[in-house]
Every structure is written in C-alpha cells, then in structure tokens.
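Working notes, beginning with the structure itself.
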Amino acid sequence: MADLLRNGDAEDVAVKLGAFEQQALIHDFSTSASARFNATLNSLSKWLVAAVFVIIFLWRHDTEALWAASGSILNASLSTVLKRILNQERPVSAIRSDPGMPSAHAQSIFYTVMFCIVSMVEYFGLNGITAVISALIFGIGSYLSWLRVSQQFHTSSQVTVGAALGFSFSIFWFWLWDAIVLDAFISHLWVRIVVVLGTAAICASFLLYVIRYWVLEEINLYY
C-alpha cells in the first residue's frame with residue numbers, strides 16, 4: 001500500500017513537472033514571437049511612417065499638404081543637426097555608431113502623428129469619433145517610438161526628446177502656414193513660386209536620400 005502511494009506521488013510530480021515544462025515552452029515561444037514581431041516592426045517603422053505620410057499627402061493634394069511635406073524633411077534635418085551638436089551616445093554603441101540624441105525616428109513619427117491629427121480634424125471636425133481616432137494615432141506613434149528603446153537603439157530620454165521636438169516642430173510649422181505663409185501665398189505670385197519650387201527641391205533631395213541610404217541599406221542587408 002505504501003509503495004502504491006509512493007508511486008502515485010511520483011506520477012503526480014511527473015505530471016506537474018511536465019505541465020510546468022509545457023507552460024515554459026509556450027511562454028518562451030510567445031516571448032520569442034513577440035520579440036521577432038517587435039524587431040520587424042521597428043525595422044519597418046520608417047517605411048510605415050513614410051507610407052502614411054504619402055497616403056495623406058495624396059488624399060489631400062493641396063498646398064498645405066505640400067507645406068507639410070517640406071516641414072517633415074526639415075524636421076528630419078533638424079534632428080540630424082542636433083545629433084551632431086549634442087553628440088550623445090546610444091545605449092548600445094555597437095548597434096549604431098552615430099549619436100542618438102534626439103531620436104530621429106521618434107521625431108519623424110510624432111511630426112507625422114500631428115499631421116494626421118490636424119488633417120483629420122480639418123476635414124471632419126473635432127468630435128467624439130475624431131477624438132478617439134486621434135488618441136489611437138497618438139498611441140500607435142508612442143508604441144512605434146517605444147520600440148526604439150526596447151530594441152536598444154535609443155535611451156528613453158532620447159526618444160522622449162525626439163517625440164517632443166517632432167510634435168513641437170509640427171505645431172510651429174502649421175502655425176507658420178496659417179499665421180503668415182497662407183495669406184502671402186494667396187496674395188503674391190512670387191511667394192507661390194518660391195513655396196512650390198522650394199518644396200519640390202526639398203522633396204527631390206529627400207527622395208535621393210531615401211534611395212541612397214534607405215533602399216541601398218536594405219539591399220546591403222540581404223546581399
């Protein structure tokens with residue numbers, strides 16, 4: 001009888017150990033899948049943000065969208081200049097050797113977040129639905145920016161500063177359009193020429209930058 005009890009206890013222990021091992025395997029698999037998803041989403045974030053911006057630009061196809069496009073490129077250029085001035089290292093310098101303050105990704109993401117929210121509110125007004133969608137857009141932008149920290153490309157302060165700069169620059173850029181540029185754009189032909197040609201030149205330069213650094217960088221990763 002004692003032997004049977006001991007055998008029963010051993011079987012219970014074996015069953016429990018098997019269940020624990022199975023739960024550990026499931027946890028490891030889900031953690032690994034989540035890590036792979038975050039890494040992939042992080043690597044695609046710049047393309048996703050650029051695609052969203054282009055879609056909204058084509059949807060609006062007006063002069064303010066053209067002005068916003070030039071602002072997005074100037075915003076990215078501002079990040080590059082600040083990185084060289086501040087020259088703060090990234091958390092893991094082996095991943096990227098260039099400075100990390102502020103996060104260019106976070107700065108571009110939150111400029112685009114503001115552009116999305118402004119475009120939606122201008123077209124549909126401020127109501128309950130647009131408020132909820134705006135909060136969702138803000139949350140997605142925050143998540144994409146947080147990935148730069150989780151993937152160890154930036155510190156939390158670098159991402160926070162980048163996000164604040166992108167958000168603030170977008171507010172300034174749209175205020176500049178509404179308060180000063182729009183009236184001059186309507187009233188003077190030379191202002192229209194300068195704005196259109198200047199924006200076209202900036203966008204063409206950025207396209208060359210994308211081909212040289214984004215596209216070729218992706219190609220070099222696979223070959």
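We count from 1, first residue shown onward.
Every residue gets a Cβ built from N, Cα and C, even glycine.
Automated prediction, rather than curation, is the source of TrEMBL annotations.
Looking up the ranges 1-21, 127-147 in TrEMBL, the one annotated as transmembrane segment turns out to be 127-147.
Among residues of the same chain six or more beyond the transmembrane segment (39-59), those with a C-beta under 8 A of the stretch's C-beta atoms are 65-66, 68-69, 72, 105, 108-109, 112, 115-116, 119, 144, 147-148, 150-151, 153, 210, 214. The helix, strand and coil residue counts that DSSP assigns across the domain 'Phosphatidic acid phosphatase type 2/haloperoxidase' (67-177) are 86 helix, 0 strand, 25 coil.
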